[in-house]
Amino acid sequence: MLSRNNVSLRGKNILGLEYFSAEEINLVLDTAKEMKNIIHRDIKKLPTLRGKSVVTLFYEPSTRTRTSFELAGKYLSADVVNITSSTSSIVKGESLRDTLLTLEDMGVDAIIMRHSAEGAAEYATKVVSPVIINAGDGAHAHPSQGLLNLFTIRQHKGKLAGLKVAIIGDIAHSRVARSDIWGMRKMGIEVHLAGPKTLLPRFLQEEPGIFVHDRVEDAIKDADVINVLRIQLERMKSGLFPSLREYARIFGLNKQRLALAKKDVLILHPGPMNKGVEISPEIAYGLNSAIQDQVQNGVAVRMALLTLTLTGGKNNEITD
Ligand code: NCD
């Protein structure tokens with residue numbers, strides 16, 4: 001049932017799900033559900049963001065996140081410009097601050113930013129006035145990925161509260177894991193974490209609703225959802241596990257391990273996948289996999305974020 005509330009994301013910088021309330025998360029998920037219908041239309045266009053300009057500013061590689069933000073903006077009639085570090089004045093040594101100021105001078109309404117430094121998006125909010133959406137800052141946060149994971153889980157399970165989710169793999173370097181943990185706890189999901197000891201963050205501690213396991217099997221047991229993470233070799237300064245083969249054997253999601261979860265367990269992976277390492281191909285493309293749904297839902301969730309931050313959305317209606 002729809003009810004009115006004072007929840008609004010208008011003008012809000014999207015830095016991490018730690019700054020979201022459960023009501024705000026629900027508002028994004030409900031708006032994304034409406035937006036998803038547009039993606040299936042023959043003519044994918046809404047006038048919502050006509051006259052608004054959006055820049056994607058990516059200092060790290062991306063396929064899904066950048067493309068889905070770009071398409072989200074275009075489906076909503078915004079003017080979207082993409083900047084990557086390799087093809088801009090960043091290669092000439094221009095600082096992040098100057099790049100941001102340049103974009104602000106050009107009248108940009110929102111900057112969607114990915115950077116290898118934790119806190120880069122927050123820094124941007126201190127320097128310029130356009131809405132800043134964090135599309136990944138180092139190992140800190142990736143809020144739109146956390147939201148699309150919640151959306152995908154709700155789509156398949158019909159609810160969020162009370163579910164058991166296992167997050168397995170390279171937790172230490174994963175901004176997806178951090179955004180998942182924040183978002184899932186706010187929505188009443190029980191989170192079970194497991195991975196090699198060297199890939200579990202040192203500060204990670206059990207607290208109500210968060211459980212840390214030594215063995216992947218213990219995290220997966222009776223899980224409703226398993227979110228598999230990629231080994232982020234690019235963020236490791238030295239070898240943190242013996243070999244990829246060894247990792248696959250002890251921590252990879254295979255058929256035997258999958259059998260420990262609930263029969264209708266949902267498999268998530270943010271992509272890109274290292275198939276045969278953290279996940280076997282038969283599971284990645286198997287019946288329980290929602291990995292393709294995640295990609296499509298990513299466009300819908302990003303359409304919702306752009307609409308809500310740049311226009312405030314439709315009368316701030318949210319679902320109870
Ligand atoms: C993730 C990222 O960049 O943090 N990917 C994504 O956004 N789809 C996870 C990853 O790179 O492993």
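Every residue, even glycine, has its Cβ placed from backbone N, Cα and C.
Record features (TrEMBL):
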type: DOMAIN; residues: 12-155; note: domain 'Aspartate/ornithine carbamoyltransferase carbamoyl-P binding'
type: BINDING; residues: ARG64, THR65, ARG114, HIS142, GLN145, GLY271, PRO272; note: carbamoyl phosphate binding site
type: BINDING; residues: LYS92, ARG175, ARG230; note: L-aspartate binding site
type: DOMAIN; residues: 162-308; note: domain 'Aspartate/ornithine carbamoyltransferase Asp/Orn-binding'
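Relative to PRO272 (carbamoyl phosphate binding site), the binding-site residues with Cα atoms inside 10 Å are ARG230, the candidates having been LYS92, ARG175, ARG230. Ligand 1 lies under 6 Å from the Cβ of ARG64, THR65, HIS142, ARG230, out of the binding-site residues ARG64, THR65, ARG114, HIS142, ARG230.
Within the same chain, residues at least six positions away from ARG230 (L-aspartate binding site) with a Cβ under 8 Å of its Cβ are GLY169, ASP170, SER174, HIS269, PRO270, GLY271, PRO272, MET273, ASN274, GLU278. Candidate binding-site residues: ARG64, ARG114, ARG175. Fewest other C-beta atoms within 10 angstroms, ARG64. The binding-site residues shown are ARG64, THR65, ARG114, HIS142; of these, the one with its CA atom nearest the CA of LYS92 (L-aspartate binding site) is ARG114. Excluding ARG64, THR65, ARG114, HIS142, GLN145, GLY271, PRO272, which define the carbamoyl phosphate site, the same chain contributes SER62, THR63, ALA135, GLY136, VAL176, PRO270, GLY298 within 8 Å (Cβ to the Cβ centroid), listed in sequence order. Site extent for carbamoyl phosphate: the farthest pair of Cα atoms among ARG64, THR65, ARG114, HIS142, GLN145, GLY271, PRO272 sits 16 Å apart.
If you take the Cα of ARG175 (L-aspartate binding site) and the Cα of GLN145 (carbamoyl phosphate binding site), they are about 9 angstrom apart, rounded to a whole number. Set side by side, the binding-site residues GLY271, PRO272 differ in how many other CB atoms lie within 10 angstroms of their CB, and the most is found at GLY271. Look at the domain 'Aspartate/ornithine carbamoyltransferase Asp/Orn-binding' (162-308): DSSP puts its residues at 57 helix, 26 strand, 64 coil. Across the domain 'Aspartate/ornithine carbamoyltransferase carbamoyl-P binding' (12-155), DSSP classifies residues as 71 helix, 27 strand, 46 coil. Listed in sequence order, the residues of the same chain lying 6 or more apart from GLN145 (carbamoyl phosphate binding site) and placing their CB within less than 8 Å of its CB are THR65, GLY136, ARG175, VAL176, SER179, PRO270, GLY298. Neighbour counts were taken as the number of other C-beta atoms within 10 angstroms of each residue's C-beta; across the binding-site residues LYS92, HIS142, the minimum falls on LYS92. Residues LYS92, ARG175, ARG230 are the ones the record ties to L-aspartate, and the longest Cα gap between any two of them is 32 Å.
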